[in-house]
Ligand code: ADP
Ligand code: ASP
Ligand code: MG
């Protein structure tokens with residue numbers, strides 16, 4: 001039998017009993033004959049707690065120091081889990097991200113994995129040990145500690161599974177699988193037996209926090225069978241895999257939503273003054289991510305303008321960049337709107353079903369929900385709506401498409 005990678009999220013290692021239960025599961029996999037790597041998150045809400053401490057000390061803390069701080073959370077869990085496994089009479093060793101060979105780019109707070117040097121992990125597995133690895137962290141080539149973005153332990157797990165040639169990667173969490181929408185908020189959400197990589201990637205990117213988007217990207221690129229299941233239950237989870245699913249008749253596979261979104265509208269006196277490329281180049285240079293972009297060329301309808309959505313947290317920085325480059329961009333006026341959210345429907349079946357977007361806009365209109373922005377791809381339709389209407393919009397979509 002081959003290698004397996006199991007990943008346990010914060011809630012699932014949130015106290016001593018859960019760490020012991022995690023140890024037992026790792027041992028069970030080992031006793032089945034697998035070589036076992038366990039990736040863990042920081043216990044419970046400890047990452048949030050660390051963020052909160054930093055905010056009280058310096059709300060604009062250098063991102064390098066944030067990584068230094070946040071990477072400590074996972075280090076607590078790996079040591080405790082390795083001790084728990086040893087206590088049960090099995091050999092284990094814990095590794096930080098850098099000991100496990102995770103080399104990342106040097107972008108603090110959101111680094112991408114560049115390479116994984118599996119020497120230590122491979123050697124420990126050869127020696128019959130259960131290897132426990134800290135999720136969410138790595139080291140840049142210059143020796144700087146980095147983190148992979150909130151929720152990034154999923155990506156550590158899948159990337160390790162790819163680097164080790166594991167036969168499966170299981171993401172063990174506080175829900176029993178991937179649902180048609182977030183079961184915490186959408187009462188009719190139901191568990192999916194399976195979902196394809198592309199749909200899962202869209203859902204994750206569009207706010208379904210059950211998986212870190214880059215974990216899905218990795219799984220797709222390396223064709224790693226990825227399972228999401230309940231951490232300490234026997235129930236079968238959801239398989240994320242390549243196409244050809246059983247439930248193909250479903251046009252919409254899931255509904256995702258994401259809050260804390262803002263919109264900026266940059267208007268110009270005339271089309272010739274409009275330097276759209278400059279707006280987005282300058283924002284990109286400062287690592288400000290933008291999402292939906294809508295351009296309107298003014299004729300009788302009004303002035304020319306570009307509107308785009310972004311995370312509320314990035315609004316201040318975006319405004320700073322725009323104001324600093326006002327002359328080069330050539331804009332006349334700026335308007336911002338906060339308190340927005342994005343609601344999206346996702347499904348591979350949409351490609352061959354025209355009218356899905358129209359149906360979505362109709363039900364939202366009938367529900368009195370005003371749509372501020374729209375974005376579509378072959379397998380998704382997203383709308384930006386007022387944040388106070390986010391859950392209502394998601395419920396209505398979920399019901400309409402009988403997800
Ligand atoms: P972990 O700490 O194990 O990484 P997360 O909180 O990151 O767990 O992810 C699990 C949570 O994702 C669930 O508690 C659930 O509220 C949320 N979630 C959002 N969308 C979905 C979905 N489509 N299916 C399942 N869970 C979802
Ligand atoms: N502990 C980190 C977080 O809370 C990483 C993770 O849990 O995946 O975001
Ligand atoms: Mg998570």
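Glycine residues also receive a Cβ, built from the backbone N, Cα and C atoms like all the rest.
On a predicted model such as this, the values are computed, not experimentally measured, just so you know.
Lifted from TrEMBL, the feature list:
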type    : residues                        : note
BINDING : 7, 8, 9, 10, 173, 174, 179, 184 : ATP binding site
BINDING : 47, 74                          : substrate binding site
DOMAIN  : 345-403                         : domain 'ACT'
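Residue 9 (ATP binding site) sits 10 Å from residue 74 (substrate binding site), taking the CA atoms of both as reference points. Summary: among the binding-site residues (8, 179), the fewest other C-beta atoms within 10 A of the C-beta are counted at 179.
With a cut-off of 6 Å between Cβ and the nearest atom of ligand 2, the binding-site residues 7, 8, 174, 179, 184 reduce to an empty set. By the rule that a residue counts when its Cβ sits under 6 Å from some atom of ligand 1, the binding-site residues 7, 8, 9, 47, 74, 173 yield 9, 173. In this structure the alpha carbons, written CA, of residue 74 (substrate binding site) and residue 8 (ATP binding site) are 11 Å apart. Proximity of the binding-site residues (8, 9, 174) to ligand 3: a Cβ under 6 Å from the molecule is found for 9. Each residue contributes its Cα atom, and for residue 10 (ATP binding site) and residue 47 (substrate binding site) those atoms are 9 Å apart. Note: the Cα of residue 174 (ATP binding site) and the Cα of residue 47 (substrate binding site) are spaced 17 Å from each other. For the ATP site, whose annotated binding residues are 7, 8, 9, 10, 173, 174, 179, 184, the maximal Cα to Cα separation is 21 Å. Taking the Cα atom of each, residue 7 (ATP binding site) and residue 47 (substrate binding site) are about 17 angstrom apart. Residue 7 (ATP binding site) has a Cβ environment of 28 other Cβ atoms inside 10 Å. Counting only residues at least six positions away in the same chain, the Cβ atoms of 10, 41, 70, 73, 150 sit under 8 Å from the Cβ of residue 47 (substrate binding site). Under DSSP, residue 7 (ATP binding site) is assigned to a strand (E or B) in the three-state scheme. DSSP classifies residue 74 (substrate binding site) as helix under the three-state reduction.
According to DSSP, residue 47 (substrate binding site) is assigned to a helical segment.
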